[in-house]
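Novice: My questions will all concern the structure given below.
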Amino acid sequence: MITTHNLGFPRIGAKRELKFAQEDYWKGRISQEELLNVGAELRQRHWRNQSQLDLTPVGDFSFYDQVLDMSFTLGVIPERVSRLQGGELDNYFRVARGRSAQDSDCHCVHAGEMTKWFDTNYHYIVPEFTADTAFSLNPSRLLAEIAEAKQTGATIKPVIIGPVTYLWLGKSKDSSNKLDLLERLLPVYAALLDVLANQGVEWVQIDEPILVTELDAEWKYALNLAYHTLKSSKAKLLLATYFGQLQDNLQLACELPVGGLHVDAINGRAEIGKLIDWLPSHKVLSLGVVNGRNIWKTDLNQTLDWLQPVYDKLQSRLWLAPSCSLLHSPVDLDSEEKMDAEIKSWLAFALQKLDEVKILATALSEGRNTVADALKENQDCVSSRKHSPRVHNPAVKEAVEAITAEMGDRRSDYQTRAARQAQRLQLPAFPTTTIGSFPQTADIRNARRRYRQGELQDNEYRTLMQQEIERCVREQENLGLDVLVHGEAERNDMVEYFGEQLDGYVFSQFGWVQSYGSRCVKPPIIFGDISRPQAMTVEWIKYAQSLTDRPMKGMLTGPVTILNWSFVRDDQPRALTCYQLALAIRAEVQDLERAGVRIIQIDEAALREGLPLRRAQWREYLQWAVSSFRIAANGVADETQIHTHMCYSEFNDIIEAIAGMDADVITIETSRSDMELLDAFDNFKYPNEIGPGVYDIHSPNIPSETHIVQLMRKAAERIPAHRLWVNPDCGLKTRNWEEVRPALQNMVNAAKQLRADVVAA
């Protein structure tokens, strides 16, 4: 008998019910009780969705972020929040976003830092530690969910983040060693496991994904210490790893005193033989055999071919699951009513992935003949995709093969370009700009919806969008910004917008996944070779530039970010797909330049998140990623200024690669880290211009003029003032005009003060 289970289920709801409830609560439209009821309804639905599994995860639901949930379970709440009055949920949202529902300005606090969850597009709230951090157990949330789940009749498996990964994910605020806290933390984990065991829980999934990263001796010792301390727990521990291979941590993972080990068999299939040999015979081995991070059907027959000898050896010690939490997958393919039927047949979302796990387990336990129809249907779909002429475009392949090194080079060095751009643009010191998008009002979203549904003709839609663009331009002129943007009213998403206009893409209606908090994204699906049939942005940017004498930025998403924020075909190397995207963006850049656009921004917000988790593999990734950007950006004259933007990035370890992109201006997200990201520039003299973000757009809080000046002065300690720009952290799409106007006015006023300081000096 094979045990089937799941590491986690998407929490947002098939139609984003959680998102809408969160935002209604924050705006005071619904009560806390109503928000909690939505959460309870979603949990019940999701447990029913997983009822075919032998073990159902509990504790994977969150009102914002699972790492923040763990922080509250362990009593790790920043003092700036814990001193405020209010209930636990209010303080929870204050850490997450700087304020809770209907907080007045006096209750606003600095939101917790947010960064990427390993190499995914999910973001977590970074735990904050000091040498004096104390831990205290608060299991109420988890216990309440266990009580709910028991009522469904499911056999439950609580899910928690392991103690060593939790410390690894956090940040020391006083330069103390995070691992010094481990001995203080472990008794709280032991108490939590005892509480869970007393609830009748047999298995607890304890996630230690750092085991797929490069660990030094100190962190390996910490893992040994942690699990030898926790081994007396009455509950059995399933140690879960995901997102990669164990490699040099394989022996350690096998030897830790736990009841079982889950591994990512999508990325780590080559290690399974060694795992079978090394894992003690009293432990279970859970294999993640269905890809939890992509949307392609599993080739079930091929998977069974290699799984059969594994099952023959392990028998009931073999467990099957997706490779990682299905948090990274859309919920239900059956919701897709408008997708091309052939392409839809190639896909599997979260619910379908659980079906695949069950089919595999049944085929192994009871024989393939018991699921012959399901296996035949799966084989037909896999074969259809493999042989479809829609996937392959010979002209695109020829264009990629014709790429030369010269296509990635600018005509002159940065100093020459900078002089020519300064002469052409005539910008002041500390030039102000924004990152691209402006608030997406209800009117904008309604117009796009009506256009998609055929209620608006092309000319009617164009008129409405031009009105929004003009409004955005006038707002920026009134605020006094130096370099303007058109506001992106016509764009639903910075990746999906481009994908809709590229051949080789298909789109879902409800393929939403959580990015952070209430922010959901609907990644487009790359199913075939990529090409650009026609210009994608030129009409809108030309119109915006016609409204003003100030420079108007052309706004594009870069090839690496489009790749990393899409569901990508898995039948060819990612690098090859990225080069196809680079050629499409290059053609758009050249069209914008021909249209008279003087500044072109090519966002590479997701450059860093594509890095492999192991540093040994970075060089190969950065080589083709930087090369792709340069191919996209560098077919222009010296006088054309190329910008790029990056989000949530630590730069110390890839600063040379970023410099190698050779963008004239780079804007980065730094406000939540209080400019700490600029530490990268202490030992590396970045040669070009840079705009460190001074306005945290992920929080509704409005930065003061004084605060912005202080941040920019910190930046000027590292970057020469004549190479600094003043800008928000990221696009303003998710904010409203009532927040944006005063924030940008303070930013413009701060820039004026900085210029006056330079003149006075």
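Using the three backbone atoms N, Cα and C, a Cβ is placed for every residue, glycine included.
Below are the features I grabbed from Swiss-Prot:
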- Arg16, Glu17, Leu18, Lys19, Lys116, Arg519, Cys520, Trp565, Glu609: 5-methyltetrahydropteroyltri-L-glutamate binding site (BINDING)
- Ile435, Gly436, Ser437, Glu488, Asp603: L-methionine binding site (BINDING)
- Ile435, Gly436, Ser437, Glu488, Asp603: L-homocysteine binding site (BINDING)
- His645, Cys647, Glu669, Cys730: Zn(2+) binding site (BINDING)
- His698: active site, proton donor (ACT_SITE)
Novice: Using a 10 Å cut-off on Cβ-Cβ distances across all protein chains shown, tell me which of the recorded positions (Arg16, His645, His698) has the largest neighbour count.
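Specialist: Of Arg16, His645, His698, the one with the most crowded Cβ is His645.
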Novice: 5-methyltetrahydropteroyltri-L-glutamate site residues Arg16, Glu17, Leu18, Lys19, Lys116, Arg519, Cys520, Trp565, Glu609: biggest Cα-Cα distance, Å?
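Specialist: Looking at Arg16, Glu17, Leu18, Lys19, Lys116, Arg519, Cys520, Trp565, Glu609 as a set, their Cα atoms extend up to 27 Å apart.
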Novice: As a test of the contact definition, list every same-chain residue at least 6 positions from Gly436 (L-methionine binding site) whose Cβ is closer than 8 Å to its Cβ.
Specialist: Val485, Glu488, Met494, Lys553, Met555, Gln601, Asp603, His645, Gly731
Novice: For the L-methionine site (Ile435, Gly436, Ser437, Glu488, Asp603), what does the 8 A shell look like? I mean other same-chain residues with CB within 8 A of the CB centroid.
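Specialist: Once Ile435, Gly436, Ser437, Glu488, Asp603 are set aside, the remaining close residues are Thr434, Val485, Met494, Met555, Gln601, His645, Cys730, Gly731, Lys733.
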Novice: Mind giving me a neighbour count for Leu18 (5-methyltetrahydropteroyltri-L-glutamate binding site)? Other Cβ atoms within 10 Å of its Cβ, every protein chain shown.
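Specialist: The Cβ of Leu18 (5-methyltetrahydropteroyltri-L-glutamate binding site) has 25 Cβ neighbours within 10 Å.
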Novice: Might you list, by sequence position, any residue in that chain lying six or more from Cys647 (Zn(2+) binding site) with a Cβ less than 8 Å away from its Cβ?
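Specialist: Sequence-distant Cβ neighbours: Ala605, Ala606, Glu669, Asp729, Cys730.
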Novice: Among the binding-site residues Lys116, Ile435, whose Cβ has the fewest other Cβ atoms within 10 Å?
Specialist: Lys116
Novice: Just to verify a number: CA distance, His698 (active site, proton donor) to Cys520 (5-methyltetrahydropteroyltri-L-glutamate binding site), in angstrom, no decimals.
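Specialist: With the alpha carbons as reference points, the distance is 13 Å.
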Novice: Would you work out the biggest C-alpha to C-alpha distance among Ile435, Gly436, Ser437, Glu488, Asp603, the residues that bind L-methionine according to the record, and give it in angstrom as a whole number?
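Specialist: Greatest Cα separation within the listed binding residues comes to 14 Å.
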Novice: Within the chain of Cys520 (5-methyltetrahydropteroyltri-L-glutamate binding site), which residues six or more apart in sequence place their C-beta under 8 angstroms from its C-beta?
Specialist: Ile12, Arg16, Lys19, Trp512, Val513, Gln514
Novice: Would you mind pulling the DSSP three-state label for Glu609 (5-methyltetrahydropteroyltri-L-glutamate binding site)?
Specialist: helix
Novice: What same-chain residues, at least 6 away in sequence, bring their CB to under 8 Å of the CB of Ser437 (L-methionine binding site)?
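Specialist: Result: Val485, Gly487, Glu488, Arg491, Met494, Gly731, Leu732, Lys733.
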Novice: Based on DSSP, name the secondary structure state of Ser437 (L-methionine binding site): helix, strand or coil.
Specialist: strand
Novice: Which whole-number value in Å describes the distance between the Cα atoms of Ile435 (L-methionine binding site) and Glu609 (5-methyltetrahydropteroyltri-L-glutamate binding site)?
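Specialist: Rounded to a whole number, the Cα-Cα distance is 19 Å.
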Novice: Where does Cys730 (Zn(2+) binding site) sit in DSSP terms: helix, strand, or coil?
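Specialist: In the DSSP reduction, Cys730 (Zn(2+) binding site) maps to coil.
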